[in-house]
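**Q** The domain 'Histidine kinase N-terminal 7TM region' feature in TrEMBL is assigned to 9-244. Taken from TrEMBL, the feature transmembrane segment covers 6-23, 35-55, 67-87, 108-135, 155-177, 189-207, 219-241.
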Amino acid sequence: MNYYLFLPMIAFVANAMFIAFVYARRTKNPVIRSYLLYTIILETWLFTHIFYWASPFETWTTWAFRILSITWLPVGLFYLEFVYIFSQNLNSRTQTTKSRSLLGSKTFSLEIFLWFFRIGIPILYLITLFTNWIIHGTAHYYWGNENEPSPLYYFVILIFITFPSFIGLGILTKSLLTSEGEQKKQISLVLFGSTFLILASLYYEVIQIDDQGRLLSPPLTSIGILVQSFLIFIAITRYGFLKINVEGLATELFRDIHDGMILIEQDRSLFL
């Protein structure tokens with residue numbers, strides 16, 4: 001039995017429970033929607049880790065690994081999309097009219113980056129599927145199988161995963177410096193969790209390699225995902241993270257109610 005599978009499996013189950021928790025509080029709020037998309041892509045990435053380490057060392061696994069690259073190629077993009085929407089929602093409440101023109105120019109620059117990644121990632125996926133420029137084959141380790149990298153493999157990781165992730169960290173850091181009170185505590189937890197995940201992934205997936213590009217130790221990205229999910233869970237339950245605009249949520253709740261009754265439970269929560 002492969003005992004190395006326990007860690008990504010625990011992270012997979014815990015992250016799935018966290019997704020269910022957030023989804024149960026779903027609204028039409030774009031911040032919540034973008035965050036759910038980000039956590040779901042992380043969940044599929046965890047599934048890929050489990051599949052890598054549990055699959056036999058056969059020729060067909062190379063094709064399977066190339067197909068499953070769709071689960072990790074857009075991680076940086078989905079993270080940046082979430083942080084971008086979150087910061088936009090935050091800025092719409094805190095920025096004055098005088099500073100909105102400057103904010104608009106920065107938003108335009110970020111949109112260019114977003115479209116670069118949105119267009120580039122599907123192209124990269126097709127290249128991964130039909131060539132060996134990114135994934136050359138399958139490499140076997142004592143903990144399981146991993147991608148055998150081609151020369152472009154780490155370039156793709158740095159440009160299309162690490163780079164947008166660090167842009168997102170920069171945006172969160174700026175939001176932290178301009179926030180206060182409960183909002184500052186929320187962003188601090190999210191920023192710390194995101195930083196831990198990104199640095200852990202960078203260290204184990206990119207830095208810890210030999211001259212041939214082979215990994216030197218089991219990648220512990222699953223620990224980073226688990227830590228980030230736990231810290232964001234605390235930010236949600238203790239500090240009300242993702243409840244960005246209470247007035248907007250209330251308006252959304254009662255928008256379509258004209259005549260009727262609202263049923264509540266004995267604890268005064270809404271009956272759904």
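Keep in mind that glycine also has a Cβ here, set from the backbone N, Cα and C atoms.
Heads up, TrEMBL stuff is auto-annotated, nobody curated it.
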**Q** Would you say the transmembrane segment (67-87) and the transmembrane segment (155-177) are in contact under the rule of three or more C-beta pairs closer than 8 Å, pairs 6 or more apart in sequence?
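**A** Contact between the transmembrane segment (155-177) and the transmembrane segment (67-87): present.
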**Q** Quick one: mean pLDDT on the domain 'Histidine kinase N-terminal 7TM region' (9-244)?
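**A** Value for the domain 'Histidine kinase N-terminal 7TM region' (9-244), mean pLDDT as a whole number: 88.
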**Q** Please give the sequence-distant neighbours of the transmembrane segment (219-241): residues at least 6 beyond its ends with Cβ less than 8 Å from one of its Cβ atoms.
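**A** 7-8, 10-12, 14-15, 18, 21-22, 39, 42, 45-46, 49, 146, 182, 185-186, 189-190, 192-194, 196-201, 204-205, 208.
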**Q** Checking distant contacts: for the transmembrane segment (6-23), what same-chain residues at least six beyond its ends satisfy Cβ-Cβ under 8 A?
**A** 32, 35-36, 39-40, 42-43, 46-47, 49-50, 53, 220, 222-223, 225-226, 229-230, 232-233, 236, 242
